[in-house]
Amino acid sequence: MTRVGQRDSPAKEEAPPATKKRFLTPGRFVTILCIINLINYVDRGVIASNGVNGSSKVCDAKGVCSAGTGIQGEFNLTNFEDGLLSSAFMVGLLVASPIFAGLSKRFNPFKLIGVGLTVWTIAVIGCGFSYNFWMIAVFRMFVGVGEASFISLAAPYIDDSAPVARKNFWLGLFYMCIPAGVALGYVFGGYIGNHLGWRWAFYIEAIAMAVFVILSFCIKPPQQLKGFADKDSKKPSTSIETVAPTDAEASQIKTKTPKSKNLVVLFGKDLKALFSEKVFIVNVLGYITYNFVIGAYSYWGPKAGFGIYKMKNADMIFGGLTIICGIIGTLGGSYVLDRINATLSNTFKLLAASTLLGAAFCFTAFLMKNMYAFIALFAVGEILIFAPQAPVNFVCLHCVRPNLRPLSMASSTVLIHILGDVPSSPLYGKMQDHLKNWRKSTLIITSILFLAAIIWGIGIFMNSVDRSNEVSEDDEVEEDKLESKTENSTLA
């Protein structure tokens, strides 16, 4: 065999070069991720706002009809079709999330985020140019592809970049952008829809995201993801001897399985390992139930508020309420978890308690006849309901080994949507079409939060271990074998 890539060790050890202070500090990097997340969820609020979503044509007993407004009015959608439109992004998210999670082991994760955000931007522009239900529904599906690249990879970056004592608070800042973004979307969509037309809300979103598309291809994260090799750097040859294959070895390489098949096999092993984690299963089951209600609230909240209490400017009221309560609740929940020692058992205690109390306040709020009593009780309920936003994702990140975190986040995202807010929006619409009573429909959907609290309560009594610092030699060997196969196949 011919040995290549060997270098003699230097006779004299050179002094390390002076390190320059990087402009992109962990704090600035996390700020960029938070803004991207905010814009993403502004889009969720925009599509649900009365100014953009609008209302269908209404006819009175005399047959006199008033013209519809927004998307629903222009495309003449039923409540069920309208609910489907809110969930269409999930098709892209479902397909693309596991793909991006798998590709993160072979390609630079942050560049993958850039690819996804490019798709997101183009799809949002397409929403503005749509002229019927099916066209805008297809573009909403591609919006989900863009979100898939970001949602499964951003949280592990934050988990690695944050100081140990403030991990949950930094995650809280990131997940605070969910309620804040949706709420800003209500306000932004209502204002732009009423003044410039619903299509312009999408165009402005795309312009805002385009800046971060460019950044994602130009900047390098301040820290490499734990459990992953640096895909942009070449492997050092100082400590490892590289051996050129003999003719016999080369002939064996030709019979190796192709790169794509190796990736599929490795992905299958990762998926099996993930779903063998009982803590992950219980956490996600509670998250699915929780998100079923949150999805219905986020899409139908302004319309329910108008239908029950005849609120003027329901978009503004729900938007403002959700911004304030979402920020307080999300940051409050993450701060409390950091203070009480963020073990997995303590996290489940916080999840169960805050959801149970939040459900009680929200249920009582919708029983109130007085609008101001409703707002006061619902505000307290929202603060408590938003408290789990960071802790539930902390469990997803810390109940698995580091190299499984993107897949854990991707799988969690897929499941909470496909079994949570995706069916809840159209089912709520179908229930309202049948009951024709906004109060009853909302009370029924709110009661499901009690089930989420019970499921998370089970997690308190499980034998849970924080695995975020585990390094599996078996995994490293498997990935080295995979890389060796794919690299050597080019030599054969």
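Backbone N, Cα and C atoms are what each Cβ position is placed from, and that goes for glycine too.
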(message) Labelled phosphoserine in Swiss-Prot - which residue from Ser55, Ser251, Ser260, Ser472 would that be?
(response) Ser472
(request) Determine, to the nearest whole angstrom, how far the Cα atom of Asn53 (N-linked glycosylation site) is from the Cα atom of Asn76 (N-linked glycosylation site). (result) 11
(request) For Asn76 (N-linked glycosylation site) and Asn341 (N-linked glycosylation site), determine the Cα separation and express it in whole Å. (result) 52
(message) Would you say the transmembrane segment (279-299) and the transmembrane segment (442-462) are touching, if the rule is that at least three C-beta pairs must lie under 8 angstroms and be 6 or more residues apart?
(response) yes
(message) Six or more residues beyond either end and a Cβ under 8 Å away: which residues meet both conditions relative to the transmembrane segment (119-139)?
(response) 40, 43, 71, 75, 77, 81, 84-85, 88, 145-147, 149, 199-203, 205-206, 209-210, 213
(request) Would you please pick out, from the glycosylation sites Asn53, Asn76, Asn341, the one with the fewest other Cβ atoms within 10 Å of its Cβ? (result) Asn341
(message) With pairs fewer than 6 apart in sequence excluded, do the transmembrane segment (372-392) and the transmembrane segment (200-220) have three or more C-beta pairs that lie under 8 Å?
(response) no
(request) Answer with yes or no whether the transmembrane segment (141-161) touches the transmembrane segment (372-392) by the criterion of at least three Cβ pairs under 8 A, sequence separation 6 or more. (result) no
(request) Please indicate, using numbers and ranges, the residues of the same chain that are 6 or more beyond the transmembrane segment (279-299) and have a C-beta under 8 Å from a C-beta there. (result) 44-45, 48, 83, 86, 182, 344, 348, 351, 355, 385, 388, 392, 395-396, 399-400, 408, 411-412, 415-417, 419-425, 427-428, 445-446, 448-449, 451-453, 455-456, 458-459, 462, 464
